[in-house]
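Worksheet: the structure to be examined is printed underneath.
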């Protein structure tokens, strides 16, 4: 069995919308890598999605990936909602356009290239890796605020 790659992801936004950042702590066995970035004008949900996208984009080959996020929006979107959105032509059950569909489509493509499972962690609750991802996201946002 492949050693899984763990992606601990988080997004941050100073104002919503406003300056935002994303952060990823990657762990593969004893190896770690930190990624972060940001945008001048964005939302917290876009940064949560971007964190996962950037983590997956950094992988160099097909992997078993465990994504640990404190975002119910991202986890529920990928595990539950996306199937209906795709069936409905990227419309919600209320027939409204899916928000952030550009990022959802990119994430859907990237997830298809790996064996991915999703884990939700409570944010700001002392989970060491999530706190590190949060710090990285805030560093990303600080570049634009």
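Positions of Cβ are set from backbone N, Cα and C atoms, glycine also.
For 1-142, the entry in Swiss-Prot reads domain 'RNase H type-1', with the evidence type sequence analysis. According to Swiss-Prot, the Mg(2+) 1 binding site annotation covers 10, 48, 70, on the basis of sequence analysis. The Mg(2+) 2 binding site annotation in Swiss-Prot covers 10, 134.
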Inter-residue Cα distance where the pair is residue 134 (Mg(2+) 2 binding site) and residue 10 (Mg(2+) 1 binding site), in Å: 5
Number of Cβ atoms other than its own within 10 Å, given for residue 70 (Mg(2+) 1 binding site): 21
DSSP three-state assignment for residue 70 (Mg(2+) 1 binding site): coil
Other C-beta atoms that fall within 10 angstroms of the C-beta of residue 48 (Mg(2+) 1 binding site): 28
Residue 70 (Mg(2+) 1 binding site) to residue 134 (Mg(2+) 2 binding site) - Cα separation in whole Å: 10
Chain-internal residues near residue 134 (Mg(2+) 2 binding site), provided their CB is under 8 angstroms and they sit 6+ positions away: 10, 12, 23, 123, 124
Neighbour tally for residue 10 (Mg(2+) 1 binding site), based on other Cβ positions within 10 Å of its Cβ: 33
Listed in sequence order, residues not in 10, 48, 70 with Cβ within 8 Å of the centre of the Mg(2+) 1 site Cβ atoms: 9, 11, 47, 51, 69, 71, 74, 123, 130, 133, 134, 137
Three-class DSSP secondary structure - residue 10 (Mg(2+) 1 binding site): strand
